[in-house]
Amino acid sequence: MPRRNDIRKILVIGSGPIVIGQSAEFDYSGTQACKALKAEGYEVVLVNSNPATIMTDPELADRTYIEPLTVKYLDEILRIEAEMLAASGSNGKFAVLPTVGGQTALNLAVELADAGILDKYGVELIGAKLDAIKKAEDRLLFKDAMTRIGLDVPRSALVNNIRDGLEFATKIGFPVIIRPSFTLGGSGGGIGYNREELMEILARGLDLSPVHECLIEESVLGWKEYELEVMRDLADNVIIICSIENMDPMGVHTGDSITVAPAQTLTDREYQAMRDAALLVMREIGVETGGSNVQFAVNPQTGRMTVIEMNPRVSRSSALASKATGFPIAKIAAKLAVGYTLDEIPNDITRMTPACFEPTIDYVVTKIPKWQFEKFPGADENLGPQMKSVGEVMAIGRTFKESLMKALRSLETGKRVGAEVLEPRRLTQRLVTPQPERLNYVRFAFRQGLSVREVARMTSMDPWFLYQIKEITDTIAAIGDATFDNVSPEQLRKAKRMGISDERLAEVWGLTGNEGVAKVRELRQGHGIRPIYKLVDTCAAEFESATPYFYSSYEEEDEAPQTDKRKVIILGSGPNRIGQGIEFDYCCCHAAFALKEDGFEAIMVNCNPETVSTDYDTSDRLYFEPLTLEDVLAIYEHETANGADAGMIVQFGGQTPLNLALRLKQAGVKIIGTSPESIDLAEDRKSFGKLLEQLQIPQPQGATATSVEEALASAERIGYPVLVRPSYVLGGRAMVIAYDAAAVSHYMKEAVEYSQERPILIDHFLEDAVEVDVDALCDGTDVVIAGIMQHIEEAGIHSGDSSCVLPAVDLAPQVLDTIRDYTRKLALSLKVIGLVNLQFAIQRDKVYVIEVNPRASRTVPYVSKATGVPLAKIASRLMTGRKLSEFLPENIASGKDLGTGAHYYVKSPVFPWNKFPGVDTVLGPEMKSTGEVMGVADNFGEAFAKAQLSAGLILPSSGTVFFSVNDHDKAALVPLAKQYIDLGFQIVATEGTAKVLHKAGIQAESVYKVKEGRPNIVDLIKGQRIQLIINTPRGQDTFFDEQAIRRAAVLQRIPTITTIAAARAAAEGIAASQRKHITVNPLQLLHAGHAVK
């Protein structure tokens, strides 16, 4: 069937901010879909609230709306677009594609249909029909559908109250699994082992489910879990793209499981039965066009197979299957949605076979999740049906062993394999209960002499996987006995074929530091043991592959032919994590696009399956490899073996490539852009302090310390409060504001493991300062300031966790001039080539430099979207020797910033509190947000309100505000309270705060603090009497009392504001939303006339 010519315009719904359970994979799928639809000649309109995505780049759609993903805003966008279509005189149809934006887009599509909005504007849903979405997503309808086609499902009941849930659980017996309907990443789900746990989880699940219902399901804990990625077209052709096996058993969310493709432990007969079942599911649910994933559980004792669930959309597993096979699922799903059939679409990798050929792979792929519980003290680390990982890595090897070991070293835990802190007495508990360190305990169990059978019994992992892990452990032990001087080339080759790194071998032989690793490398290369590169080609080498997509292995035949083009290798940012997210991937992609346009061969190195950077057509050559010194050097040597000229970019991938920069340069790699020495100078406390003195630029008083005594003496000299942190970290990892000596000594005892032989930094903390972020471009001669962003939270809250606004709203002109002056001086003194990010604190109109990062920062995508100038593209061109005068001559001549026209752009962070209900929500110098959103309007208040709405904080337009502010903030309290009273709010306050308000003649109801008596403030929150909380904590004493308030607020989903500055911004936002109807503007219109390509 050819493409549908009756459709003229297609709205693609994005997935919004990055949250746990919905990550960068939807930027990758949305980008592919937009490109495919635009290439087919459709008018493409995109809506998404996340500025850090490639899909929101203005060139990917005809109109791009960065707006909140709510029914109200989509109604307005659909109205405008439907009117434009009607006015154009075209009789073409208007369609919405909701299957590439994750759960967010699907839920929105259902809401728009149910509210009659799609019918109102004559809009058709494509990619998935409404009844198919409902059948797959509604637990009861799905269960009935499976029963109708004769497939087994776990016994279950759909409940909408706790009594029915208890009744059913008692009937089928504990434990039971609780799964809320229409939620993402298993939000609100859990395992109830008894009545109390069931009641607690069910109450939370019913609250989080948009339709207030949960499925209570018979436990299949310990069963094996499989997924099939399936595609179907309108002619009923169905193909299986990939089978995926979870190494962890049922009971752990698939996003938190180690997964392997293709499935390793199925017999052919079992696989065929599962394949047949998946085809039946697709047809019964009615997914006519596009990709879905179907999840199965198999009882290892009896072989009973049950269907667990299906997603009628492109999912996290689709991204993995896509990268594992080279088959562009999202692109093909978009083409199927507009009427093509699989046999009409060519396979982009081979360019000889159609898409209806099922991919075949002759290698093994392993995905391992990345968790960051260290960011959330108090969070429950046990893994269950609710997803908790923040990112993932993928590795490809010729065997399972090789791909597992490569994936483990891609994780960048900062801890060496073999150096984990293990507690022998907790071995049994750690094997039985799934948690992030479980694999380390499995290896430890084998070192302690436990058998595969015993470990399989405790972990419910398939013995096949455990035998593989035991073989790796045994090989490492044997090679350790062989010593460095006596090891044979055969033993060494065997270890390398298993994926064991040089660093691990050095450790086994007791060779320390970088020199030890270099010795192993020399020995290995002396024996001629070097990696070769194999192709990912979708067809197990049966056809020629046209796209160079490689992975390393220690075999004989190399499939990566050398080229003699001028090339640039871009080091990616590895797994998504807090502090280093999709923003850095965005910069890497832009570098690849610009370099390709300029005639360079762009080579990408990364190991994250969720991102656009690892898409087969982003760069000219893609190496899916770990970002370690060994792996990166091997690629560089391979690419330059024939004498080809290759530069390497390290400033776009966040901290990961920067940590390798100096060692790469010492090994002879040509690093382009800002030199590793300059990067080091900016990070090194003493040298940087000297530079600031020479330039006469003030910074907060600071010192360094390597012991508790030194730290206490320094803090005393500088004066409390102090900011204590390790050197060389990203995302404010392990930072704290200390108000007294006890806090400093506690920190020093905790922090030493992060310092990597580098000292702890102690700074005077500037209280009540306004923080400012600056992004600038520099070519060594000229500097152009891209944006001066004013933070809405005060200094001391990590810049990644603070909302910020461009242009700055209330900084004095002379302060802005000082910031510009300091920025230019520092960029030129540090010899920056490319991007630089500076952070300033302004206290009583005096400007202090907090830090300078001569690299791309997480604000680059946001500033690029706000100014219409692709900063990362220009920066990568500067690195190849081009000059700013070619791109921004007017700004150089006038000295002006890039500017944002007549609009305000507010960036707000998004937090994962609902996944970690036990964690305190107060913000500080350590970053905790997982993603970001942007609000755009012609006034600050509306832009802030939009950003808050996109981040999931719905500011109330009326009701009661609870105030509890510390003594220091009481001066600002009265005018703030008046603002809220003028907006029509009532005020409730704690005793001290209420007294201040009464004195000023403001009416406020007084309420008990948590420890003072009942009914206290937490009772009011739980009784839904409070609509907004303004609670500014200070120091340790008040901290615990307020933790209870903030926790209760998270559970009741009441917006909580912890700084006076943000409370003022919220008041402006509420005023804007009370004032007028909503406005929406596409980026293309905002930047018409001044965008730079």
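Placement of Cβ uses the backbone N, Cα and C atoms for every residue, glycine included.
The model shown is predicted, which means the values in this text are computed figures rather than measured ones.
Together with ARG725, HIS764, LEU766, GLU771, GLY796, ILE797, HIS798, SER799, GLN839, Swiss-Prot lists one candidate of GLU716, GLU851 for binding ATP 2, that being GLU851. Here the binding-site residues are VAL252, LEU766, and the one whose Cβ sees the fewest other Cβ atoms within 10 Å is LEU766. Counting in whole angstrom, GLU309 (Mn(2+) 1 binding site) lies 8 from ARG139 (ATP 1 binding site) by their C-alpha atoms. Under the DSSP three-state reduction, GLY796 (ATP 2 binding site) is assigned to coil, being neither helix nor strand. In the set GLU218, GLU225, VAL252, GLU851, none of the binding-site residues has a C-alpha within 10 Å of the C-alpha of HIS798 (ATP 2 binding site). Mapped onto DSSP classes, the region 'Oligomerization domain' (413-560) shows 81 helix, 10 strand, 57 coil. Confidence in the region 'Oligomerization domain' (413-560), given as mean pLDDT, stands at 87. Listed in sequence order, ALA682, VAL836, ASN837, LEU838 are the same-chain residues at least 6 apart in sequence whose CB falls under 8 Å from the CB of ASN853 (Mg(2+) 4 binding site).
Summarised by DSSP class, the composition of the region 'Allosteric domain' (953-1093) is 69 helix, 24 strand, 48 coil. When the CA atoms are compared, the binding-site residues lying within 10 A of GLU851 (Mg(2+) 4 binding site) are GLN839, out of the candidates ARG139, VAL252, GLN295, ARG725, LEU766, GLN839. In this structure the C-alpha atoms belonging to VAL252 (ATP 1 binding site) and ASN311 (Mg(2+) 2 binding site) are separated by 17 Å. GLU225 (ATP 1 binding site) sits 47 Å from GLN839 (ATP 2 binding site), counting Cα to Cα.
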